[in-house]
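Database features (TrEMBL):
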ACT_SITE  Arg155  active site, proton acceptor
ACT_SITE  Asp434  active site, proton donor
DOMAIN    7-59  domain 'Malate synthase N-terminal'
DOMAIN    151-392  domain 'Malate synthase TIM barrel'
DOMAIN    404-516  domain 'Malate synthase C-terminal'
Amino acid sequence: MEPVTVAPTEYTDILTPEAIEFVVALDREFGARRVQLLDRRRRRRATRTTELDFLSSTKQIRIDDTWTVAPPAEDLMDRRVEITGPPERKMTINALNSGAKVWMADFEDATAPTWENVLSGQRNLRDALDGTLDFTAPDGREYKIGTDLPTIMVRPRGWHLPECHVRIGGRAVSASLFDFGLYLFHCGRKQIERGSGPYFYLPKLESHLEARLWNDVFVFAQQRLGIPRGTIRATVLIETITAAFEMDEILYELREHSAGLNAGRWDYLFSMIKNRPDVVLPERSQVTMTAPFMRAYTELLVKTCHRRGAHAIGGMAAVVPSRDPVAAKRALNQVRQDKRREVGDGFDGSWVAHPGLVETCREVFDQWLGFEPHQIVRKREDVRVTAKELLDVKATAVTVSEVALRTNVSVALRYVAAWLGGRGAVALGGLMEDAATAEICRTQLWQWISTGTPTDYGVPVTAGLVTRMLREELDVLAETGALDEDSARCFGQARTLLTVLLTERTCPEFFTLPAYLRHMTGGNLQPAAAVPA
Ligand SMILES: CC(=O)SCCNC(=O)CCNC(=O)[C@H](O)C(C)(C)COP(=O)(O)OP(=O)(O)OC[C@H]1O[C@@H](n2cnc3c(N)ncnc32)[C@H](O)[C@@H]1OP(=O)(O)O
Ligand SMILES: O=CC(=O)O
Ligand SMILES: [Mg+2]
């Protein structure tokens, strides 16, 4: 068998020989299927998105009224407010003390996957369950977790990402299996012993075959660790256009492990832009959840979940509260409005990105649900969604304003620089920006360049114009002394990377993949002594 190598780390309590062996066993069992499915994604992309339809091969699953998913686990019954965030030490404590019903510890959109971040995140999760998680801030503030904690769900990275610090015969292991495997290995039993379970959010799936792969991973992992089958639960994010056509099938594949679906609205919009490069959408703030194609997708999601006895969880209102009282009130109103729409449509709970929004989301769901833990009984049989409606994305803007163009340039540059510096979520201009929202900015810029979209000041968007704006943005930061040596390096790398990605002939799939491969895979790998070669 090929030798296993691991990058040096001080997290030897997390990367124990047994834990590495478990991750390697997962990757040896499922790595090849993952690669085949990624290849299938590439081949499928050649199909025109306009021709997408519900699959004929799985029609029987869709029309069969008799199957449902497993009943919700006791502590996943009431999910009216879920907070998300990276499992960074202080934020882990704040999220656990936030009063939310669920905390999603995020290794995907909100985490820049440096070796340090992915391993410290695992340690923080383990320490939280051991009751040893504490933190002292540089200003002396002490942080400790309280007693009434939310249920924890963990979002591993998507199938497309490798974890290059662990290699089998020189081949990087899957980042999904790495994050999932380490968490299950260290925390699975602890969660069961405290009356909960190992629960997951599964991001960026593109088909039910990818859900089947996850289900097979769960069955294998539970058996290997001696955990009863069906203990793992997982909520799948519907955040790609192809997955929207396979919601029933995704629930079906995972039915003994399913904990419903979530409307991952930002990645969904990103997926739509990527897959319909010909249809120019207006700036991000103007494509709201009431756009017909977004509405069709969320309505179908609620209906599909409730018909199968599963929770439908709403998406992220990406505003964060400001210190300015007027802006803070505006943000809360925006969140309230968004959550009201969701609960009225039948969602059973929703996401917030900040502890300051938990109360607002809870109030809205309390008002509607009262003492009921969810509204799965509302079957939404009135909803009929066709393939045409899911794809009903129309070119609504013929021109792009200078403000929109500069905003996308600024957010893309600042976010990619922050990500390269190790921060996967940042607040920019009152908005939460993470990998999904930044991808929207990046792909919109690509789309505007590739279609030569006119600006409202008379010139088309070109690569030259956007690269000039990137340089101007960087110059302003440099001139105002905002950049220290490290951030200047990250901004330089971000600008170079964006310049390449924005001028590719076809829209690059993810920025995180080349950014990771170019800038986060350093370190000499060493043989993993205890793992059999
Ligand atoms: C599209 C999607 O996938 S959405 C899901 C993925 N994205 C996310 O999860 C983003 C989560 N949110 C965040 O990371 C943060 O809210 C940010 C980065 C946007 C803003 O964070 P900050 O700049 O620290 O905001 P702010 O200064 O207002 O924070 C106030 C306090 O709340 C804490 N806080 C803010 N957001 C969170 C959170 N999501 N979880 C836990 N604690 C949080 C901060 O740590 C800070 O704590 P302190 O007062 O003890 O120092
Ligand atoms: O993961 C959530 C999203 O909106 O993207
Ligand atoms: Mg997402």
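We number each residue from 1, going along the chain as drawn.
The backbone N, Cα and C atoms fix where each Cβ goes, glycine too.
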Between Asp434 (active site, proton donor) and the residue listed as 'active site, proton acceptor', the C-alpha gap once rounded to whole angstrom = 14
Taking all protein chains shown into account, the Cβ-based neighbour count within 10 Å for the residue listed as 'active site, proton donor' is 28
Under 8 Å Cβ-Cβ from Arg155 (active site, proton acceptor), six or more apart in the same chain: what's there?
-> Thr84, Met104, Ala105, Asp106, Phe107, Glu108, Asp109, Phe200, Tyr201, Leu202, Pro203
On the DSSP side of things, how many residues of the domain 'Malate synthase C-terminal' (404-516) fall into helix, strand and coil, could you say?
-> 74 helix, 9 strand, 30 coil
If you average pLDDT over the domain 'Malate synthase C-terminal' (404-516), what do you get?
-> 95
